[in-house]
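*Asks:* I'd like to ask you about the structure that follows.
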Amino acid sequence: MRKVYSLQIEYPEQTREFDNRLTKTGRRSLSHSLSHSSTDSNSSGGSDAEDPENEVSPRDKQRMNSKGNKDFCIKNIKLADFGRRQIELAEDEMTALMALRKAAQGEKPLAGAKIVGCTHVTAQTAVLFETLSGLGAQCRWAACNIYSTQNEVAAALAERDFPVFAWKGESEDDFWWCIDRCVNVEGWEPNMILDDGGDMTHWIYKKYPHIFKKVKGIVEESITGIHRLHHLSKAGKLCVPAINVNDSVTKQKFDNLYCCRESILDSLKKTADIMFGGKQVVVCGYGEVGKGCSAALKAMGSIVYVTEIDPICALQACMDGFRLTKLSDVVRQVDMVITCTGNKNVVVREHMDVMKNGCVVCNMGRSNTEINVSALKTPDLTWQHVRAQVDHIIWPDGKRMILLAEGRVLNLSSSTVPIYVLSITATTQALALIELFNAPEGRYKQDVYLLPKKLDEYVASLHLQTFDAHLTELTDDQAKYMGLSKNGPFKPNYYRY
């Protein structure tokens, strides 16, 4: 008999429930070499690059929190109080995740879960980490991006005895060392993976296959990680079930579209001091990220071109008023190139050689492979580090190309993203972990699954309360006419919003 948890999450005038229960019983294809990881680096880049403490790697420092715990590796434990204030600020905005934390405190639906994670280490993800802990899980964490870690937040987690291994400005060697320290622990083996880009899954699969076979489930957030999981699945080597959070409606529409629509402008302003009015911009890719970026730039008066391989997305771009073109046809005249595809070699050396002086090149897609940065590491080009996340690449004739965040995800490397949007993603991740961990044997096979529609709707309903919004409820007659349950799901899995 399947045990049922009843979690009542109360809100003024409206209570929305996910089936009134949480249940419990009892970056790139994975064949990519480590040299193509998301950590490839060429310039200093970190915002605290001038800090004398940067001369010494955190790996070489003695570390201990106020309780004598040494199971972590961060930049500076003295930043803990500052980081705790940032986490508390994020908690105020992440109301749905906090409601989930409160509702599940008694039941502990993740009791027995040993989660190893590789995501961005920020105030918002810290709220997720601590929520998972509050729901009964044991967690160890590393960063999925060498520039996105907030050192003060990592310190706050370490001070609370959270095993976190991350700091801003890691080297490639540091990056993989931190991941290994999360997994290679005497007397502790993970049974769940929460990944953003697939690097943790990649590492465990390659280095610790005996652990990989024992993992109960994987939750993956990014398109890069999903590609890697599908690669494993097609090869018959995916021996555990995985939930694709990236393609859930709540992640695609809110994190990818609305988040990027707001954060692209802030990121460009902070790094390159850009004036948008009248600028010619080409956005490569018109998925949800490309749609958000294009809309924001158009609203600021930029002239926006779009490149796209999918005729449906291409038609959407045309109907939204954008000029569909090929990058090679406009690259000589544009002021800015933004990649949003998740693919590789979208912008290559041949494109960059003919860009005009002062052209800004950056990436808003998940992978750092979209811009072929390695092609710029040649003797004929000069790299000039200007400020955090800004490099000038100088050609022999004096032409300068402005490269932001070394081709990594711009908004997460150089700016911040709206807390509220990250609350949606974090709540989705938490529910996906609970679903996989508590699923009865046989519900999920060794394959990649989309988040159940019921969970997607539940995440959305939790966040509606921020707006004092009130859903219309079907009458019994209406529900019967539509062939729906009054409590959802309201759309079939194939429906595209």
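Every residue, even glycine, has its Cβ placed from backbone N, Cα and C.
Pulled these from TrEMBL:
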- 1-67: region 'Disordered' (REGION)
- 13-22: compositional bias 'Basic and acidic residues' (COMPBIAS)
- 31-47: compositional bias 'Low complexity' (COMPBIAS)
- 56-67: compositional bias 'Basic and acidic residues' (COMPBIAS)
- Thr122, Asp196, Glu221, Lys251, Asp255: substrate binding site (BINDING)
- 256-417: domain 'S-adenosyl-L-homocysteine hydrolase NAD binding' (DOMAIN)
- Gly287, Glu288, Val289, Gly290, Lys291, Gly292, Glu308, Asn411: NAD(+) binding site (BINDING)
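Any idea what these are sitting next to in the structure?
*Replies:* Long-range contacts of the compositional bias 'Basic and acidic residues' (56-67) within the same chain, counting only residues at least 6 positions beyond its ends with a Cβ under 8 Å from a Cβ of the stretch, are 73-75, 77, 80, 158-159, 161, 167, 174, 177.
Long-range Cβ neighbours of Asp196 (substrate binding site) (same chain, at least 6 residues apart, Cβ-Cβ under 8 Å): Cys118, Thr119, His120, Cys144, Glu220, Glu221, Ser222, Gly225.
For Gly292 (NAD(+) binding site), the number of other Cβ atoms no farther than 10 Å from its own Cβ, over all displayed protein chains, is 24.
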*Asks:* Between the binding-site residues Thr122, Lys251, Asp255, which lies closest to Gly290 (NAD(+) binding site), Cα to Cα?
*Replies:* Asp255
*Asks:* Per DSSP, what is the residue tally for the compositional bias 'Basic and acidic residues' (56-67) in helix, strand and coil?
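*Replies:* Taking each residue of the compositional bias 'Basic and acidic residues' (56-67) in turn, the totals are 3 helix, 0 strand, 9 coil.
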*Asks:* Would you count the other C-beta atoms found within 10 angstroms of the C-beta of Glu221 (substrate binding site) for me?
*Replies:* 28
*Asks:* If you count the other Cβ atoms within 10 Å of each Cβ, which of the binding-site residues Gly287, Gly290 comes out on top?
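*Replies:* It comes out as Gly290.
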*Asks:* May I ask which of the binding-site residues Gly287, Lys291, Gly292, Glu308 is closest to Asp255 (substrate binding site) if we compare their C-alpha atoms?
*Replies:* Gly292
